[in-house]
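Below is one structure; the comments refer to it alone.
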């Protein structure tokens, strides 16, 4: 699978992910780009799960953003509704973290839209719990930037999770 983590701190939101693509227990690619900018660079999105499924979801989510003038929550809810009700989409196996300058969300494969806890940290994928734990500890105990926290959290997840590597893509938006 993978690890995607998002941290919002001091007017900055950062989303990062590793580059490993696995097929079963085999590493197929080590430099995939699982974090992207959408909607003219105003929205960050990262995926965990099936690569082809995620690209389909990126396209659908970007269409929703266009349809709803970039309103992140409305677009996420509309995508989740479609994901839940459309037979073809229901078979897609992926999760998304999406963020703009105001909010961050997880969109799940079962059609849920999840907002972060007060700490504004989100993580998904096989290494998500490791990255989430690391990010929370770093936010609570350091003055590191959001970018530094995302990078360190991904590195910790990559050291623990066999489905996560240390080839990162990290994108950020200032507030």
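Cβ coordinates are placed from backbone N, Cα and C, and glycine is handled just like the others.
Taken from Swiss-Prot, the feature active site applies to 2. If you look up Swiss-Prot, you'll see 158, 161, 164 marked as Na(+) binding site.
If you draw a 10 Å sphere around the CB of residue 158 (Na(+) binding site), it holds 22 other CB atoms from the protein chains shown.
Cα-Cα distance from residue 161 (Na(+) binding site) to the residue listed as 'active site': 9 Å (rounded to the nearest whole number).
DSSP classifies residue 161 (Na(+) binding site) as coil under the three-state reduction. It is 5 Å from the Cα atom of residue 164 (Na(+) binding site) to that of residue 2 (active site). When Cβ atoms from all protein chains are considered, those within 10 Å of residue 164 (Na(+) binding site) total 30, not counting its own. Recorded residues residue 2 (active site) and residue 158 (Na(+) binding site) have their alpha carbons 9 Å apart, per Cα-Cα distance.
Summary of the Na(+) site environment: with the site residues 158, 161, 164 set aside, the chain residues having Cβ atoms within 8 Å of the Cβ mean position are 2, 3, 18, 20, 126, 127, 130, 154, 157, 159, 160, 162, 163, 165, 166.
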